[in-house]
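Participant: Before I ask anything, let me first share the structure, which is written out below as structure tokens.
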Amino acid sequence: MQTLKVDLGERSYPIYIGEGLLDQPELLAPHIAGRQVAIVSNETVAPLYLERLSKALGAYSVLPVVLPDGEAHKNWETLQLIFDGLLTARHDRRTTVVALGGGVIGDMAGFAAACYQRGVDFIQVPTTLLSQVDSSVGGKTGINHPLGKNMVGAFYQPKAVLIDTTSLKTLPARELSAGLAEVIKYGLICDKPFLAWLEDNMQALRALDSAALTEAIRRSCAAKAAVVGADERESGLRATLNLGHTFGHAIETHMGYGVWLHGEAVAAGTVMALEMSMRLGWIDQAERDRGIRLLQDAGLPVVPPQEMTPAHFMEHMAVDKKVLDGRLRLVLLRQMGEAVVTDDYSKEILQATLSADYRAIVAQL
């Protein structure tokens, strides 16, 4: 087992990474204050791991809360089901909410914990690659709104993150690829050697090689922890973690939540960010193509939806959380391994990026 730390002073917490951690209650016990635990999961993950985790937490009074699965259910109605369960079971302020599942479950369970009786403890137990390397670390919680993704939520840090890498053995290939989009992001924005490592190890990752996956998770979490420790509430540096997300969130919102997986939309959005970075003269064509190839090798879509026009993108991006004073800030690459958050671009460059023929770009690789 490996242990990392998210350094936030008195609110610091550990990230445990290893095999079989779901069966080690001694890892969670120090982070559970009371006798009540609510495990929030979904209809897909619960049959696989809920009984196992409940057994490990047998010393506590365990309440299972099983939600419908999918991004389409990341809303107020589903959030109320968590509150219904907690209130019906008379859970008090010393309860601990445990999020067992992917990013949707982590975001909603964390938001419920932030709100319930004005805040109770919670623990992240992510079971997808995307949630293990990204959404479980950093305290972003929330739900979607019909007009925009993750527009209702709170910064609320967990007490611990427990990553059992064996859970990836039950992950569908499409979900694994979606998680790799976030892994690749770290190489692009802040770790050029990691980018080269990913190029050398992509096939091992897709084949679920345990050593390769553990290393990718460790390096991704270390990068995320360092950024969160320096900028918890996304006032500057942390926003660079959103490479590809502004374009990607527009895709998710327009196509309907869940039609494109989050990681798939981020991948296509990252291609657009690479294209715009090249048009600004910050990276060259070979570097743009290198990024696209790596996303392709991960089994990800690299062409935005053909039915989305530049006007569609602009409509949805206008609701992005990085808009300040009416000006859209984008995360782009100043160079490979270095990202910036900027509004220093012309409308012409943005329009050219939105109008680019990505099918033709990919065809020439």
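Sequential numbering from 1, following the chain as shown.
Note that Cβ sites are derived from N, Cα and C of the backbone, with glycine treated the same way.
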Participant: Per Swiss-Prot, what member of H145, H262 joins E182, H245 in binding Zn(2+) at one site?
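Facilitator: Record check against Swiss-Prot: Zn(2+) site with E182, H245, extra candidate from H145, H262 is H262.
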Participant: Using the alpha carbons only, what distance in Å do you get between D107 (NAD(+) binding site) and H262 (Zn(2+) binding site) once rounded?
Facilitator: 13
Participant: Out of E182, H245, H262, the binding-site residues in the record, which is closest to D69 (NAD(+) binding site) when you go by Cα distance?
Facilitator: H262
Participant: C-alpha of G103 (NAD(+) binding site) to C-alpha of H245 (Zn(2+) binding site): distance in Å?
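Facilitator: Taking the Cα atoms only, G103 (NAD(+) binding site) lies 15 Å from H245 (Zn(2+) binding site).
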Participant: Measuring Cα to Cα, tell me the gap between H245 (Zn(2+) binding site) and I105 (NAD(+) binding site) in whole angstrom.
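Facilitator: Between the Cα atoms of H245 (Zn(2+) binding site) and I105 (NAD(+) binding site), the distance comes to 19 Å.
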Participant: Out of H73, I105, T128, give those binding-site residues positioned within 10 angstroms of H262 (Zn(2+) binding site), comparing C-alpha atoms, in sequence order.
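Facilitator: Checking Cα-Cα distances against H262 (Zn(2+) binding site), none of the binding-site residues falls within 10 Å.
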Participant: Sorry to bug you, but what's the C-alpha spacing from T128 (NAD(+) binding site) to E182 (Zn(2+) binding site), rounded to the closest Å?
Facilitator: 12
